[in-house]
Each structure stands twice: as structure tokens, then as C-alpha cells.
């Protein structure tokens, strides 16, 4: 199935600002996060789709490539991409028109140089860790140059031979009608070399799979879906090409109490109906400890209390967000006969006072009467 337009996925215009893109992605990520939709395959696919769209549009270079060439401009499997953003359509057209106008392919005089592939690492952290920031150690599986042959792929005491198919250029030219198209050599795969006596440690590949340990600094205020770039810690390049980068993608675990919305936090505040009716002082949790709020008499379910600066200070924020406590009035259950009798007596006393004790109920009753009149 064809991919949807990334701007359409995020629901933004093509001239959307970075902040608009971030807000749109955050909204979709919260809505379709697997933790909130544990049994929904559709939600999981929408979460992945939004994540993929933001990874492209949130990166200046990738967005420019996407705006110009569409999905092909950011597809790492597209011809000429070489693991980075430097190839793609520019290389493809260079191959075709270079033969006509005399322009050579980039690096066309010898083996093709490739940038190493980027790596991604998903790191799950708690909301508390995201708020305060911390240093951590991660182990990343990646390809590294073989210690025995130092990346050559040849057995010790020997060296790779010049590829007989491409003559060491790493590329061959194919005639297609009026055009001569340059393609990666099928024999040496662009290296320009053939391994006749392979290294026993890596079987001639020149690289081995291993885990490397890295120190990563998680900044305070980081949000779900954000990425930390570790330059040069991706896979090694080919033929002397630069290494790729490592991107640590942050996933924040669902919290038992708080839900995050940008720099603000939200929580449900359950109070007994007696406190709702009579008022009182309550302690509420915050990420920094406990805070006290005053519950006024006659508080109803749905009322929201705002505690300023009790949210999270964002990565680029000057001030912390707020904490919003949403009141839920709890109805008592499993009452004894004596308690039921007391409540019935209490209800009778309220009825004697008319509607003044239940303003919302009176308003609702009036609306129902008006609806049926």
C-alpha cells in the first residue's frame, strides 16, 4: 500500500512551522500510543505512521529532500542513497546526464565511498527521569570494523585484489537506449576490491557484529518521541567513508498518576462526597513532593484545580508548566442499614429546602422539560 503524504499524516499544512509539526506529532503520539491502546493494531500502525512522518519533517535536511522528491527522497533503500541524505535523485540523474554533458559521478575515479548507516536505539524512561534528566549507559548492537583485518576483509599477510569486473572503480556502466547508466558493481558491491583469501574472523566481510557501550546524557524536560543524536556512533563507513550517527529515541512509560501534555501535567483527584460538600484541605502529589489545595464547599465533579509551576520544565523552556487536578467526587459503596437510613434522612432534609441545594440537578431538569415541551 502506498504511503500517505507525511503532512497529511500529521494533519498540518506544507508550510507548517517546526513548532506546529511538534504539536501535531505530540497530539497523535499521545492519542495512539501503544500503552494507551494495548490491544489496538490500528492504533499501533497510526502511532508508527506519525512517528515516521515526524522523523522526516522534523529534520531540516530530510524535510527539504521530501518536499523536493517525495518519499523517494528520504527512502534509505533508494538507489544512490548510500546510507545518508547525500545521494538519491541527485546521484541518479548525475549518472545519466554525466555521460552526455561530461560531468563525472561523485567520486567516480575510484572505489565508491559510502557513509555508514545511522543506528536507532529505543530507550524507555520514567516520567520522573524525563523531568529531572540523568546520565545513563546503553549497549548498542552494531557492525564494527574487524579487529583482525582492520576492515579490509583480507586474511593477515594478504591484501584485497583489484576487482576484475569494474577495474577498481566500484561501478559499472549499463547501456539503456540512448543513456549510459552507472550502477554499483555487482561483484565487489562498490568497494573496487575482491577478497581472494578472506579473513577467518569476519569471513571476508571486514566487519563484525558486537555491542558497544556508550554514555548518554538525557536532558531534563525531554518528551516522548524526542531523539538524542550521538554523532559518529553509527555504523562505520565503507571505503573510508564517515561513520553514521546514533539516534537515541525516548519513550516515556505510562505513569500511575500523571498524564503529560507538553510541559503540563494532569491528574485525577478523587475526593469523598463529604469533602466535596463541606470543603476542606487536601494533599495532592506532584513530581517534586506534596502540595496542599483548598477544596471549597459545594465542589462538583469535573472541577479543575490548577497548581502553577508544578508541571515540567521543557528542554527549551524557561518556566515549568502547570499541574491540573481534575476532581472526581466519589460515591460511597457497601453502606450499612444504619448509614442508608442516615442518608435517606439527609436526603429528606435537602428536599425540604427546595432546589437550592442541587443547582446542577435543577438546571438539568429544566433542560429536559424544555426538550420535551
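Every residue, even glycine, has its Cβ placed from backbone N, Cα and C.
Quick look at what Swiss-Prot annotates:
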DOMAIN    5-70  domain 'J'
ZN_FING   133-211  zinc finger
REPEAT    146-153  repeat 'CXXCXGXG motif'
BINDING   146, 149, 199, 202  Zn(2+) 1 binding site
REPEAT    163-170  repeat 'CXXCXGXG motif'
BINDING   163, 166, 185, 188  Zn(2+) 2 binding site
REPEAT    185-192  repeat 'CXXCXGXG motif'
REPEAT    199-206  repeat 'CXXCXGXG motif'
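A C-beta separation below 8 Å, combined with a sequence spacing of at least six in one chain, links residue 185 (Zn(2+) 2 binding site) to 163, 165, 166, 169, 170, 171, 172, 192. Sequence-distant neighbours of residue 199 (Zn(2+) 1 binding site) (same chain, 6+ apart, CB under 8 A from its CB) are 146, 148, 149, 152, 153, 154, 155, 156, 206. Long-range neighbours of the repeat 'CXXCXGXG motif' (185-192) within the same chain, counting only residues 6 or more positions beyond its ends whose Cβ lies under 8 Å from a Cβ of the stretch, are 110-112, 114, 160, 162-166, 168-172, 238-239. The binding-site residues in question are 146, 149, 188, and the one with the fewest Cβ neighbours inside 10 Å is 146. It is 166 that, of the binding-site residues 166, 202, has its Cβ surrounded by the most other Cβ atoms within 10 Å. The Zn(2+) 1 site is defined by 146, 149, 199, 202, and by the 8 Å test on Cβ atoms against their centroid, the other residues of the chain that qualify are 147, 148, 150, 151, 152, 153, 154, 198, 200, 201, 203, 204, 205, 206, 207, 208. Residue 202 (Zn(2+) 1 binding site) and residue 188 (Zn(2+) 2 binding site) have their C-alpha atoms 16 Å apart, to the nearest angstrom. Summarising the environment of residue 163 (Zn(2+) 2 binding site), the number of other Cβ atoms within 10 Å of its Cβ, over all protein chains shown, is 21.
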